Amino acid sequence: MREYDVIVVGTGHAGCEAALAAARMGAKTLALTVDLDNIALMPCNPAIGGPAKSHIVREIDALGGEMAKNIDKTCIQIRMLNTGKGPAVHALRAQADKKMYHIEMKKVLEEQENLDVRQAMVEELIVEDNAVTGVKIKTGIVFKAKKIILTTGTFLKGEIIIGDTRYSSGPHNQFPSNALSDNLKEIGFKLFRFKTGTPPRVDKRTIDFSKLELQPEFEDKIAFSFENDSIENNLQRQDCWIVHTNEDTHKVILNNLDRSPMFNGDIHGEGPRYCPSIETKVYRFQHKDRHKLFVEPEGEYIYEMYLSGFSTSLPVDVQVEMLRTLPGFEQAEIIRPAYAIEYDCIDPTTLKPTLETKMIKNLYTAGQLNGTSGYEEAGGQGLMAGINAVLAIQGKDPFILKRSEAYIGVLIDDLVTKGTHEPYRMLTSRAEYRLVLRQDNADLRLTKLGYEIGLISEERYQKFLDKKEAIKEEIERLENTEIYPTDEGVQEYLVKLGSTEINNKVTLAKLIKRPELSYKALAELDQDRPRLPYSVREEVEIQLKYEGYIKKQQEQIKKQQELENKSLPEDIDYNEVKSLRLEAKEKLNEIRPLSLGQAGRISGVSPADISVLTIYLEQLERSKGRD
Amino acid sequence: MYVKDTIAAISTAIGEGGIGIIRVSGPEAIEIVNKIFRSIRGKSLLEVDSYTAHYGHIVDSTEEIIDEVITLVMKSPKTYTTEDIVEINCHGGMVPLRKVLDLILKEGARLADPGEFTKRAFLNGRIDLAQAEAIIDLIRSQTETGLRVAMNQLEGGLSQKVGEIRQDLIKLLAHLEATIDFPEDEIEDFNSDELSDRIDGIAKKVEKLLRTSQKGKILKEGIETAIIGRPNVGKSSLLNALLREKRAIVTEIPGTTRDIIEEVINIDGIPVKIIDTAGIRDTEDIVEKIGVERSEEFLNRADLVLLVLDAHQGITAEDRKLMGSIKEKDAVIIANKLDLDSKLDFTEIEEILTDKPIVKTAAVENQGIDELEDVISNLVFSGEIKNEDQTLITNMRHKNALDRAYQMLLDVKKTFELDLPNDFITIDLRAALEAVGEITGDTIGEDIIDQIFADFCLGK
């Protein structure tokens, strides 16, 4: 029997980050997977990023995680979304070669010091005195560890549904994890059932691409990882295409609704609203005469094309029929049919903000098992679970990101404070401090924290400090560079740029604030401008241009901070706190928030309850002082 | 431990007695009050000693005097809350009291929560531990009373109107957020006219509700009315005529000065307060006695202006000047001395002051006074107020929240006009939504996201 510090069960996007973080922090780590050939599998979209998700990827990177580097290595197409909607919501989205994504990540895991990767089906947790001490695998072997992190994704009692066919299965027909699900229930966890789905994969040789609309790529190959200046890999870039459904498609779908398990009652699991099946979209929005679909490549050696927006649980014959109504798909062949999958997850409100379960000590959970959806959301949680497991072993304070620090902070706070009724996807609109949680400044927000934890190397940290200094210096320079109305050519140049003349001397920093001007546009008036990398220029421009709005948001954060900093002792019995309303008592006892700020976000806890708690805390502190 | 901002509230029972006290506590208390306080001796509150009282005026942003006050400055830590505290003793009754509080909130203080001064006193160690329970009960009961009062007010029209504004904001935000969070879905972007119209539409609704709150105030506290006019046009005879008989309620607001006197008359149940200076009835001529400047001060402060013209003399240059100064006000033109020959050119009056009602009187003969009362009554009740289900916001908190929402919407407008991207527009829209939510007790929560999925077909 071998003993580890940390065992990670599952090697999806959460498991990989958890295992790597733990090993890199010096913990002897074991990662167990049902199938070594499916490490970091992308069972759905062959893509990473998008609004809010790209933010998470960059946060993972700033904290020393792997996802950003891995997509940079395996990206075959990249786009920057939302460029016209404000810097905070710019979002990178990259198509991945999904086989290469797996191979590269597997290699990183295998080559990681302190990390063993083994193929095994975990069936049981060994629990003694409400603390987990190890796992038992199908062959009866027991691995012991100080901390166990479960990242089982959609494997728990997974069931694939295609029309009236339903069978027990993990994603992409892998072995489901049935025994472990039963074991969790025996231990006392309440599991609930979610559903998600994936569209058909179509043989690219049977598609007439001349009838499809080509989706343009973003010219600057901006990298996800702050360690890379741009995306440079040897993979062949591949195109994405757009196609629309039409009345014929909708007719096929509506005629066959009774054969959709989504509609005939065969699916009970709660599905995500942002990822509806095509039958749901057609049925709910009948006034829409077409729906947009994306035809995405899955990789260099793969003939399958992913038909994004066409996920369904209709039977295969209907899938083929509706597919062939699409222009360019008249002869199309489905290689893998679309399917819905139902699976067990745990209620995330039973977790602490460290992602340790409240019920069983030393047991952490992360990823889709916690009711989320998306590779990025999973990766972020995996990283945090890995970090906190090791910090706990080291006897250090837990690492909890605030809502004002990171989308990962928003994600975990939402999960453990409010729970979720559908597979939770991160959206920028979930972040109240969106303007300061940009993807461009993820390194400025988090690199220092990653360095302190031990996941950012000395070399990278030094590079980061240099960048920070460069930004500061350039901003100062711009604030001190004055332009006079009498300077030659100034007025003409400003007018040429669609701006107005200046009446008095003005600094370049002030001019950049004009909506119609930019850092780049003012280069001509800026004789002494140093050559700076894109990442520095971008930061300088955003920080100057939107200074007023950023300051306003920082004020809001500061106000909330006092409440966030006021911690609530773990052992409060809220029933003892007089004057709390009954509902507040129940909720507080259940969620057990770590701070007054978190307490205030629990539904059913009112501002007056927070006032009462504030007084109670003070009372508690003073009586302690007396003892 | 709490958010260490500066809070303010009226700390005397509302509606009783002429003197009211506003208490301001927090790190910026002295600074904030100093901005709106003009000491008679020209002293700055920033330089005075602790526990000293100062006589002077509270002024608004145009240096207009709102009330005559005594401020008491108490410096940290030897105060009730252990923070800097300023207490302002106002003399002018409810209307100026509220105006002063309004000014303080505009300068950056926050309206105190129920029991918050006491809560701070406790948290800062000023109050004994034994009293903690009592304080918790106090906060709880005050909050609940407050909520009950608020809920009563919210029944019917107001909650519906606030709810409507809230829904408008959520819908607009959901649309903007949907285009941000789902850029690859086919959601139509707003064109700029549409967006501008939507923001304007919501701002208008908030403004209308705020105006209603103004009327709500009027019913409770009366309208402040100024009688203006050149010397010898018959202002005092008019006042005497209005005050005549039993229905006249003469109250004098006791203060340290006899400068300001309010005569309150009851017209159709509306308390009409005539702003007057000491002895308006003794001397004929307000302008003569206290000067044109003071007269203008009253003018600005008044909710309603009664401009008296001498029909017998016709329109003089000075009359024209006065007419010009009341264009923006609710006003009634009184053509007095119609018992004598009239030389008034009514078309000229109508040209300068379009839409202002003109009433012909002979004040000494008591002619036209009933008609004047009707006109005043109609002005106040015009359109809405007499309806039973009228939405009246009298709660300061509600007004404050609406004020902030309105301010945020103006900021949204500014952002929009600067042509900044949609993300920036959502920032203040959200803040407006939060402010409106304070009235109904709704937090944002999942509302926007739910609305996104209700309105748009999204997802890949």
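Heads up, the Cβ atoms here are built off N, Cα and C, so glycines get one too.
Matching A:GLN331, A:GLN368, A:GLN394 to the FAD binding residues that TrEMBL gives (A:GLY10, A:THR11, A:GLY12, A:HIS13, A:ALA14, A:GLY15, A:VAL122, A:SER177) identifies A:GLN368.
Of all Cβ atoms in the shown protein chains, 29 besides its own fall within 10 Å of the Cβ of A:GLY12 (FAD binding site). In the three-state DSSP classification, A:VAL122 (FAD binding site) falls within a strand. Chain B comes close to A:ARG273, A:LYS281, taken from the binding-site residues A:ARG273, A:SER277, A:GLU279, A:LYS281 by a C-beta to C-beta distance under 8 angstroms. For A:CYS275 (NAD(+) binding site) paired with A:VAL122 (FAD binding site), the C-alpha to C-alpha distance reads 30 Å. Spatially, by CA atoms, the binding-site residues A:GLY10, A:GLY12, A:ALA14, A:VAL122, A:GLN368 include one closest to A:GLY271 (NAD(+) binding site), and that is A:GLN368. Contacts of A:TYR283 (NAD(+) binding site) defined by a Cβ separation under 8 A and a same-chain sequence distance of 6+ are given as A:ILE253, A:LEU254, A:LEU257, A:PHE263, in order along the sequence. For A:PHE285 (NAD(+) binding site), applying a Cβ distance below 8 Å and a minimum sequence separation of six or more within one chain yields no residues. According to DSSP, A:GLU279 (NAD(+) binding site) is assigned to a helical segment. Note on the binding-site residues A:ALA14, A:CYS275: the fewest other CB atoms within 10 A surround the CB of A:CYS275.
Neighbour counts of Cβ atoms within 10 Å were compared across the binding-site residues A:ARG273, A:LYS281; the minimum falls on A:ARG273. In this structure the alpha carbons, written CA, of A:GLU279 (NAD(+) binding site) and A:VAL122 (FAD binding site) are 36 Å apart.
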